[in-house]
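Chemist: Pasting the relevant annotations from TrEMBL:
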- C278: active site (ACT_SITE)
- H337: active site (ACT_SITE)
- D360: active site (ACT_SITE)
- 270-363: domain 'Transglutaminase-like' (DOMAIN)
Amino acid sequence: MATGLQVGFTDFQCYRNNLQHQTAEMSTKHLVVRQGQPFTITLHFHGRGYQPGVDTILLIVETGPNAEKSSGTRAVFPVARSGPTSSWRAVCARTSPSCVEITLSAPANAVIGRYLLKARVDSGTGQATSYQLGEFTLLFNAWSPADDVYLASETARQEYVVNDYGFIYQGNKNWIHPCPWNYSQVEEGVVDICLRLLDRSLNFQHDPVEDCSLRNSPVYVSRVVSAMINSNDDSGVLLGNWSEDYSGGICPSEWTGSVAILRQWDATGAQPVKYGQCWVFAAVMCTVMRCLGVPTRVVTNTESGHEKDGNLVIDEYYNTMGHILATESKDSIWKFHVWNECWMARRDLSPGYAGWQVLDATPQETSNGLYCCGPASVKAIKEGELHLSYDTPFVFSMVNVYRVVWLIYGARKEKLLCDSRCVGNHISTKSIGRDERKDITDSYKYREGSQEERQVFAKALARAQHRKAQGPSTAEPQASRFLPGLRASLDVSSPAECRGQEAPSKVHTCLRLKLAKSPEVGQDLGLVLLAENLAFEHKDLKLSISTGSVLHDGAPLPPFWQNTLYIPFRPKEEKVIPWTISYAQYGRHLSQDRLVRVSVVGEENSTWEKLLVERIITLAYHAILINVLSPIAANRPFALEVEITNPLHEPARDCVLTMEGSGLLKEQFRLDMGVLRAQERSNITFQIIPFKTGQRQLQVNFKSNKVKDIKGHTTLIVAPNIRF
């Protein structure tokens with residue numbers, strides 16, 4: 001009679017399996033695999049080998065607390081010659097006198113997470129023996145056609161799942177600038193932090209069994225992550241701060257990567273990291289979602305609406321000096337706002353709404369009682385289907401609202417402008433396989449002013465009115481006061497009629513505001529106002545000019561320069577009015593966003609017509625130059641030079657240089673540089689030992705008491721270290 005089969009140890013073949021599952025960079029010691037894709041382990045035995053027909057091996061996989069078959073968190077399945085693909089299966093691939101190779105596969109809809117693998121061995125002796133074989137991690141699989149996150153293009157999968165660096169676009173519609181970011185979703189230990197993040201969610205705390213059972217759905221997981229990236233409701237990762245006072249933490253613009261944030265959050269027992277703003281929230285969420293296997297990209301919307309009433313109208317109020325009165329309106333237009341798109345099926349919706357879904361981790365408004373947003377189908381947003389889950393009305397309003405501008409003087413107000421094209425401009429993301437910006441505005445909306453765009457807006461307005469009627473108040477949304485052609489009956493006015501509402505029927509004066517040149521911090525601002533009298537009569541024009549810094553969320557800071565001019569005009573005369581704002585005037589008032597709003601209110605003395613013209617200016621920094629001085633190969637030092645220039649005509653103190661890069665540096669490098677004299681150029685040479693091959697990005701950040709967070713980056717190709 002054969003002795004009982006005894007398991008000695010288990011070889012999870014981590015290197016081979018992780019390589020095949022596109023997770024080799026995540027870990028060399030821990031098995032990380034994906035749904036619906038086979039992986040192989042080897043069981044080694046004491047005494048004798050596996051004998052099919054004599055020995056029966058049952059495998060058990062469990063994840064989460066109180067794992068149960070009914071919740072999908074536990075499965076029991078035999079090692080056999082074949083098995084169904086719709087459930088966990090194990091196939092005997094090869095036997096030898098002392099071991100057996102078993103090929104396992106999780107179904108495409110298996111719960112993601114950290115699993116315990118166990119075995120129950122029965123050799124017909126009447127007593128089975130149980131073994132704990134070890135742990136492995138299961139992720140979503142964008143390479144499997146049966147998976148809810150399947151992406152057909154390999155180049156897209158490499159970009160949106162595998163690529164560990166990218167660019168986040170900032171600025172305004174007139175100046176869009178790439179900000180390099182180190183996602184590092186494949187760094188050692190990051191996947192464990194991401195799974196612990198799921199376990200910190202309120203859903204898990206309330207009902208861990210149900211929460212784990214739902215982790216086979218990317219819709220559910222992405223919504224949980226959206227809530228957990230901010231800390232408004234829970235032990236989330238980041239604390240938001242838009243106050244310009246970042247004492248006790250890190251200024252949001254100083255961050256250059258996600259891993260330092262995630263590791264700090266994890267090491268402190270889930271204490272929120274100080275501080276984040278929209279691009280930091282989106283970047284960290286991109287890291288988490290790519291790590292979990294969901295194709296994800298970061299998206300920037302310049303001129304982004306934040307409309308709270310659900311009426312698709314944003315009111316802005318100005319005083320007679322041209323300064324915006326933020327306290328008069330709870331709505332705002334962010335100069336730019338950053339969110340995520342995740343690629344997934346939408347089994348909770350009717351067909352046609354799969355693909356890219358908007359998720360926004362920035363805590364703006366609550367959704368079902370929590371500060372999270374999405375997933376909202378991009379296709380639903382484009383078609384104005386505001387009734388579809390989740391948070392589609394809010395996302396629609398970020399790219400489609402009317403801006404109504406009012407002038408307040410005394411107890412009176414006068415409407416100056418109704419603009420249908422103010423938000424949702426140049427929606428941007430990184431291109432696939434290239435370090436260039438891709439404009440994806442047409443995936444969110446039809447061409448401005450087209451018949452399709454007007455019809456979609458009409459449909460969305462009708463749904464917004466219906467939703468508001470179902471709420472506490474049945475009052476008609478205020479949008480109908482300004483958009484008479486867009487009623488719930490879906491009667492659509494023509495583009496010409498819509499444009500006719502945007503200005504008085506008879507215009508007597510024209511104002512245009514231009515920059516003399518693209519400015520950098522430290523330089524004077526040169527502006528030109530073009531003023532034209534369109535009438536056949538003399539007139540005098542009063543010009544009230546206001547200049548002040550503005551934050552990227554649209555919040556104005558107090559004006560630092562104001563002036564009033566009185567300009568006489570002959571009939572049909574055009575005048576060019578130049579003026580300069582010196583660095584001495586604006587420098588100490590500049591916010592971290594480096595945005596300046598210049599507003600001009602004009603009033604003529606014949607018709608008393610009032611006009612407003614404004615421009616948002618983003619001041620650039622002088623670029624950091626990075627020069628590679630020697631060949632680059634893995635595990636060998638190479639030299640590079642970083643060149644930094646103080647752009648100011650005054651010393652910069654407390655200068656600090658930081659560098660990081662996935663596969664290049666294992667942790668952020670910091671150099672205290674002391675003082676840079678006025679317009680001094682500093683060249684610093686470093687040695688770096690990269691530890692991963694392939695295309696890598698090095699990010700450099702410089703800050704001082706005078707200039708904040710000048711950034712530079714370079715893309716490097718790290719060759720294998722071949723020794724002869």
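Any Cβ shown, glycine's included, is placed from N, Cα and C.
Not measured: the values here are computed from a predicted model.
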Chemist: How many other Cβ atoms sit within 10 Å of the Cβ of H337 (active site)?
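Modeler: The answer is 27.
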Chemist: By a simple count of other Cβ atoms within 10 Å, which of C278, D360, the active-site residues in the record, is least packed?
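Modeler: Per-residue Cβ counts within 10 Å for the active-site residues C278, D360 bottom out at C278.
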Chemist: What whole-number Å value do you get for the CA-CA distance of C278 (active site) and H337 (active site)?
Modeler: 6
Chemist: Per DSSP, how many helix, strand and coil residues does the domain 'Transglutaminase-like' (270-363) have?
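Modeler: In the domain 'Transglutaminase-like' (270-363), the DSSP-based counts are 17 helix, 40 strand, 37 coil.
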Chemist: Between the Cα atoms of D360 (active site) and H337 (active site), find the distance and write it as a whole number of Å.
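Modeler: That separation, Cα to Cα, works out to 10 Å.
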Chemist: Average pLDDT across the domain 'Transglutaminase-like' (270-363)?
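Modeler: Overall, the domain 'Transglutaminase-like' (270-363) comes to a mean pLDDT of 95.
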